[in-house]
């Protein structure tokens, strides 16, 4: 079980809280000696201090997360097979391709093995570079081969250190975004502190290292920071071009590293569409961003050997529809309030219809079914479709795809993040409504976006973008818990920006008739400093205790299973079982699989449903025939699935299979009236009795407290 061991103390680097200043603060500038030289020196000093703190806080966060991972598993001391088993479910599958590339005699052979893979899905040859987002594993394996580090760093450490290094980039990007919005690096420091103190809700990298989102989210954060800067008015042409390049590169890398990129960027496109429609964003800049999204996706599509799921994405259809609708409605932003509102509703309806039309046409041409399980899940989740679909219910019954738990807000409130976020959100939403109403009412105004007459409410384009961004991703997180990491990290940025923003405090103080430039200066610096002191006082001891709490990886049953497979089965043997376990089988043993956790393929989903009949009420000869149709030599049964208690009745895997097969579920409780009793007992239970019908097709060859392995007979 878990063991405690002593470890050397980790020295924490204290971050200075001096110089809480920024270039836009008029009062501080008035205290400086007059002249451009003094202001320039002050600006350079502020940038130097802020930039240094950004790098330091990013590196410290990376070291902190890496230390937690080491402390939790004793990763440096466990065996290689235990390290690999610690990469659970799909994480192990992705890491196996990194390992496969390193074990290949040459890079050419490694690439050939990925493009013509016949071990991930038995009796099929698939192109892994087309099917999965694993270019990052390919790139890392090439780097490890080329760099002279083999003698000093094991492959697994090169891999995990790269991921933890990306976390440093992630936190730095969040810091910079908050700094850009507020004008002071103090808000970036507060955003980083909130990210770390809310670690449970902002990241899961320390226990799901190879997960695609851990590769993608740092690039997503860079993209948001670049967009925030790009939306500033009056940028120099060179700065604008360089920022567009940064947006393109980060968008491309984000798209390349995560299969769900299109859905996240669709949310961004909706943000741009909303702001453009309400005249809160320059139309030209929105067009550039739409184009970058499409270009990035098409480039990824080419690299993924024309992956049809990308071509059939809603994002491409939506962005093209926006361009077409713009051409058809050239006078969208003229007329009275009611006239513009009517045009806006018509524009929205036109874009929606064009999007659905284009998307359906593309999917019919490509015969695309790869993403249909996602839409089935969404229909079932919101009560718009049948709930007996096995794939939809498989997602619905997982906690990660359920609603965001209410206790999340309790944890976020403990750090004051949620209170600050609601405070800033309420003020900016009110300002956005005022600005939007003004823009729709003033048909003759051609002034620059985000700027209004003196004395009226002002909302900068970059602030408006981050406001709608946080709202849409907030709704996404509330509906699907797994997506909360996209929201909570941006929540840190948005809340810290608001507390340090002179515009936010100006709006608040004016509304209560307490406006004074000196009060704004006091509030925007004193409030975040007090919160930083509170966070240090309350959470520093707990973080130190967490760093001193030492555990050890312990999973002897799985280790025993992997060692037995390596020692007692042919290299070309085909294994069937649960998706999660088979990913580990491939990584630890290199054996061929019948199915795996990368669920974005319709034929794989059908195959998985067939393999999972080992947990349904089916005759032994039927199960044998299904498994042999995929070339299965061995099947692994797990007691944790056969006798599952983690989920409630109706959500256990065996229940989902029973419902999909039209059978009544086990145990006390109601069944739908059209469900019928099964003709056969549950296969995974009955096979253990060694009755003749089962022994004729299956021979038990391995058993421990968790797993039972059966060899399939070759007879028909």
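Each Cβ is built from the backbone N, Cα and C atoms, and glycine gets one as well.
When TrEMBL is compared with the stretches 290-323, 562-595, 596-629, the one noted as transmembrane segment is 290-323.
Residue ranges 197-214, 215-232, 377-394, 395-412 are listed, and TrEMBL annotates 215-232 among them as transmembrane segment. Feature transmembrane segment, per TrEMBL, maps to range 244-270 of the set 136-162, 244-270, 649-675. Counting Cβ pairs under 8 Å that are 6 or more residues apart, the transmembrane segment (179-195) and the transmembrane segment (418-441) reach fewer than 3 and are not in contact. For the transmembrane segment (244-270), the partner stretch with the most Cβ pairs below 8 Å, chosen from 215-232, 290-323, 344-362, 418-441, is 290-323. The transmembrane segment (418-441) and the transmembrane segment (215-232) are not in contact, since fewer than 3 Cβ pairs between them lie under 8 Å (pairs 6 or more apart in sequence).
Residues of the same chain lying 6 or more positions beyond the ends of the transmembrane segment (290-323) and with a Cβ under 8 Å from any Cβ of it are 127, 129-131, 133, 135, 244, 247-248, 251-252, 254-256, 259, 261-263, 265-266, 268-270, 272-273, 350-352, 354-356, 358-359, 362-363, 366, 368, 370-371, 600. Between the transmembrane segment (215-232) and the stretches 344-362, 462-481, 487-509, Cβ pairs under 8 Å are most numerous for 462-481. Remote same-chain residues near the transmembrane segment (462-481) are listed as 177, 180-181, 224, 227-229, 231-232, 267-268, 270-272, 274-275, 280-281, 381, 399-405, 425, 428-429, 432, 435, 450, 487-488, 490-491, 493-494, 497, 501, 503 (criterion: CB distance under 8 Å, separation of at least six residues from the stretch ends).
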